[in-house]
Ligand SMILES: C[S@@+](CC[C@H](N)C(=O)[O-])C[C@H]1O[C@@H](n2cnc3c(N)ncnc32)[C@H](O)[C@@H]1O
């Protein structure tokens, strides 16, 4: 790999030769166990049975380096079911630095595709609220997909420019995993190896600074903000933190990261500029440290109101709450700024799950119902959600459509219907494969199909999604993309036999 783009960092990188050598080695995958859905020992045994060799990192035992892979871990049923998230090792550090706790209210200001939001919700045990925000609609689809795949019921997705993220909610912690020049991805991305142009080099720090300032206005006094990037450029890292510290006039301090976390100290000088000495407490992770990508992480604490904060509007004030149903799927109640879950709707859902699939109310323990005509019904582990215009969804969608004809979603059935006792079909590999290839099959004679309509498809005890029974034949109703992924997994399993 030509080192020219990174030559400018020669004086600050702790081991230049090791750094360069790491850039030309292929980057091993790493996977993070999702305890919301997986037992780590069982997952490890299952993957090792299939030929994967997994090495837990000592600073994060639920993150495993994939030392040997017979094929991509993305092509396993366990990945498809959300038992783990493929997250490169360095990218797992910011959430450990943030350290969100069960029951807290946490904002992920730049969340898509959801690596860190899913990690936060998992560490919080799906208790509390994760607000996962991103302004990019294409990336929001991936964010929603990943949150639902991993069984996150405690997240609200919002679509907003983080620089203008609405106030009114007291966040305990905020993560700013900022858009950046992504030089740390150089091992995986040709684009990252080319570096960014002069325009981006100038534009990005301004966006990053504005995001970090907004995060500090939004977090409650005493709360924590973590600022991270996956780039080496000090202009996007220590320089941004330095500017915020200067503007904050003592209301923000940098905190050291737990010593067990990987990396080296932040730099205090760059190209003639001297930064505040506190930025040394930031952490730089280079590819040669973890045999991963690169990362920069700063943990900041808000000691009191920041000078750029409008009194009353941020960090818990009521001032700027604005309610709207908009694109949310969660009807807002104007004036309150909060949308209460609909207890009546939940009762209808319970009755429907019982009647359609023989499930009892206990499967919905801790889940509250939200719904409207366009978006169907979402179930979230949240008794209320903020009524911002920016709210896109809350929790996991159980059905599309409304009124008399509810169509269950595959993610909804995967989450809540594994224990179905009626209108469910247990399929073997050939049967599931046939359905996913778009063929119709006869229902197995022992299947408890009691009426025509939507059914649960189950494979090896897992609800894998929605199907349809017309009284004689079965077909798949899985979304095209999910069906295609599962089909590739089954074909791969076939090859491995
Ligand atoms: C490094 S990625 C985030 C990765 C994500 N945190 C994860 O772990 O999967 C940066 C994100 O910032 C988003 N972004 C870009 N401009 C933004 C803005 N003005 N406000 C908030 N997010 C922004 C991008 O859409 C992108 O998804």
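Just so it is clear, glycine is given a Cβ too, placed from its N, Cα and C backbone atoms.
Note that TrEMBL annotation is computational and uncurated.
Going through 62, 161 against TrEMBL, the one listed in the S-adenosyl-L-methionine site together with 110, 111, 112, 113, 114, 115, 116, 134, 177 turns out to be 161. All protein chains shown were included, and the count of other CB atoms within 10 Å of the CB of residue 116 (S-adenosyl-L-methionine binding site) stands at 25. Take the CB of residue 114 (S-adenosyl-L-methionine binding site) and look out to 10 A: across all protein chains shown you find 30 other CB atoms. Here the domain 'SAM-dependent MTase RsmB/NOP-type' (19-303) has a mean pLDDT of 96 out of 100. Neighbour list (residue 230 (active site, nucleophile), Cβ cut-off 8 Å, at least 6 residues apart, same chain): 90, 91, 180, 182, 183, 184, 185, 293, 294, 295, 296. Neighbour count (other Cβ atoms within 10 Å of the Cβ, all protein chains): 23 for residue 110 (S-adenosyl-L-methionine binding site). When other Cβ atoms within 10 Å of the Cβ of residue 112 (S-adenosyl-L-methionine binding site) are tallied across all protein chains shown, the result is 24.
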